[in-house]
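Working notes, structure below.
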Amino acid sequence: MNFELIYVSSLLLGICLANQADVVPSDCNLPADAGMCYAYFPMFFYDASSRKCLNFIYGGCGGNANRFWSEAECMEKCGGGGGGGGSSDGSQKTAKMLNLDLGDICSLEKKVGPCKAHMPRYYFNRETGLCEEFIYGGCSGNHNNFQTKEQCESFCAPGNSPRPEEETRKRTKQSY
């Protein structure tokens, strides 16, 4: 009798563990939520019904945890890791979706905007070739605006944006 109970228990445990791979984290079942602010951040959310990561625009504050900077990050967290290459690849997909060029985004000047929020952000400084902190006001910014230094560095990585020395070489050649 005890052997049968142990056998059935282990069988049920095995079934539960096998099905656990199909379980999506609860955050991934939340709907896309732009939040209550009016900034413009292209993001991805996991759509549990289609089992895909879809794009949406995040307003910069509020919202929920079903929000990712890249399709790859979204798929890794919610879709079982089948989302393709790293965050740089996801950044390129996001930019292409919005008809933006990564070099153009990373070349934009920092833009605080006219609103009075106090949101620490990072932008890529083309002159120094580094991601630097600035205070974003919460509205009317541009795409060179990242929540973390890591996101900025990933998006404006050396292979993605023109470096100051490349720009200088181009201008020097054009001057002659």
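Yeah, the Cβs are placed from backbone N, Cα and C, and that goes for glycine too.
For 1-18, the entry in Swiss-Prot reads signal peptide.
Annotation comment: Swiss-Prot describes C28-C78 (among others) as disulfide bond, evidence class sequence analysis. All protein chains shown were included, and the count of other CB atoms within 10 Å of the CB of C78 (disulfide bond) stands at 24. Under the three-state DSSP scheme, C78 (disulfide bond) falls in the helix class.
Annotated domain 'BPTI/Kunitz inhibitor 1' per Swiss-Prot: 28-78, in sequence order, evidence recorded as sequence analysis.
Cβ-based neighbour count (10 Å, all protein chains) for C37 (disulfide bond) stands at 18. Residues or ranges marked as disulfide bond in Swiss-Prot (evidence: sequence analysis): C37-C61 (among others).
Taking the Cβ of C74 (disulfide bond) as centre and 10 Å as the limit, one finds 25 other Cβ atoms among all the protein chains shown. For C53-C74 (among others), the entry in Swiss-Prot reads disulfide bond.
According to Swiss-Prot, the feature disulfide bond maps to C106-C156 (among others). In this structure, C106 (disulfide bond) is part of a helix by DSSP.
For 106-156, the entry in Swiss-Prot reads domain 'BPTI/Kunitz inhibitor 2'. Mean per-residue pLDDT, taken over the domain 'BPTI/Kunitz inhibitor 2' (106-156), amounts to 90.
According to Swiss-Prot, the disulfide bond annotation covers C115-C139 (among others), on the basis of sequence analysis. Under the DSSP three-state reduction, C139 (disulfide bond) is assigned to coil, being neither helix nor strand. Within 10 Å of the Cβ of C139 (disulfide bond) there are 17 other Cβ atoms, across all protein chains.
When secondary structure is read from DSSP and collapsed to three states, C152 (disulfide bond) falls in the helix class. If you look up Swiss-Prot, you'll see C131-C152 (among others) marked as disulfide bond.
Positions annotated as region 'Disordered' by Swiss-Prot: 155-176.
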Whole-number Å value for how far C74 (disulfide bond) lies from C28 (disulfide bond) (Cα to Cα):
9
Sorted by position, what residues of the same chain at least six away from C115 (disulfide bond) have a C-beta under 8 A from it?
G137, G138, C139, S140
C53 (disulfide bond) to C152 (disulfide bond): how many Å between their Cα atoms?
21
